[in-house]
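Peer 1: Sending over a structure as structure tokens; questions will come in a sec.
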Amino acid sequence: MGSEAAVSRRNPFSIATRQTSLIADGGAQFQELRLSGSVAAQVEVLAETEAAKGLVLGNSSVLRTSGRGQWLALRARSCRSCYYRAVVYALNSREGCNATLTRTRGEWHSPHHPDFYPPGLHCFITILAPSGYRVLLRIPFLELPPANEPRCEHDSLEIGPLAGRGPRSVVLCGSRRNLTYLSLDERLSITFRSDPLLEAEGWTVKYEFVRLCRNETHSEASGRVCYPPGKSTSLLYSAPGDCHFALVMPLGYEVQLSFSTLQVSAARASSSCPDNFLEVSSGGTEHRFCGNWTGSADLSALRSAGNVMAIRVHLEEPPGSSKPLTLSAASLGFCATYDAVLVNQSLAEDCEFGWVSWGLHCYRVFNESLSWAKANDVCALQGGHLASVTTEDLQALLDAMLFSR
């Protein structure tokens, strides 16, 4: 039997022993291998010869032990000119290289990274985001041999399901840097396989949860509306389709909107936008923007034609899953401030903002579906009571308040 070589890893729970020897005619038995600690282990035996059929290992060439079974013994029958290689390493947990990740953001590596990962791995990593979120995955480093294998039949990293047109998953190998992908929904699966032959530095993935675009209504006297809400994400990572932001002021007010940031596509600033665009509308008038308008002198403050202004963001599907998202699109989004501008003093006289003045009373519409008695209780909490319609003018006012929301 050949000599034994022990390799110490940076991870204190990681142990590796390798040896290669010629098995002569006759019976041969591997020496017993003992693992320190009580972590799980994997042992692989590889016969690199045409006579490998003479090597008997039972039902599988890969054997595992639990935390308590720390002793392993492998036996080989007579085999002329057979070589063997045994690799023993400790796994970091009872799950082995499998994991389920649920934190808001984090990172994960191939086993023993930045050292070489062991052969014979089959790892499953699942990233679970809350409902209404997606997983944004970044791969700063990936090194899986061989570099010139287009179909990744040896070592590979598979990721899916992904948003976009085309295949829902991507298989990676070779040498890659700085890739970005977006999950189709709140679940993203990563499968890592390494064959018995080659080892390499492996990979690193970083992830974060990004919220899907959701409709919002703003009714304060002034405020700020931005999407995405965080600086590290992009409109490109939102759900395809339409997302609506409504700015609703009381009757007697108009809305003034000013953009500090507006980049809805990678193209130049334009008002002819067939794909991704932002649209501002009020009273039948529409303004459509795409490209980068940030800092443009042509983008002045917009004024509503009534007490309501709508912002619509239209997004097409992101790039196909076989093509990672580009860094140039990472800053797509908009941010704007809005203010209520009083244009009819009589409708605001002696009433707090949010209420409409008429006669001797202040009126307000509440968006709740309640019985008569419960609605009256809500009004009482506001210091008032349910409105009584006594004139056609008052009915017209209440209708205008209802239909202008």
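Each residue, glycine too, has its Cβ placed from N, Cα and C.
Automated prediction, rather than curation, is the source of TrEMBL annotations.
For CYS273-CYS290, the entry in TrEMBL reads disulfide bond. Per TrEMBL, the feature domain 'CUB' maps to 97-210, 213-341.
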Peer 1: Under DSSP, the domain 'CUB' (97-210) has how many residues in helix, strand and coil?
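Peer 2: Summed by class, the stretch gives 0 helix, 60 strand, 54 coil.
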Peer 1: What three-state class does DSSP give CYS290 (disulfide bond)?
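Peer 2: Looking at the DSSP assignment, CYS290 (disulfide bond) belongs to a strand.
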Peer 1: Looking only at CYS273, CYS290, the disulfide-bonded residues on record, which one has the least crowded Cβ, with the fewest other Cβ atoms within 10 Å?
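Peer 2: Each of the disulfide-bonded residues CYS273, CYS290 was scored; lowest Cβ tally within 10 Å is CYS273.
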Peer 1: For the domain 'CUB' (213-341), provide the mean pLDDT of the predicted model.
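Peer 2: Per the prediction, mean pLDDT sits at 80 for the domain 'CUB' (213-341).
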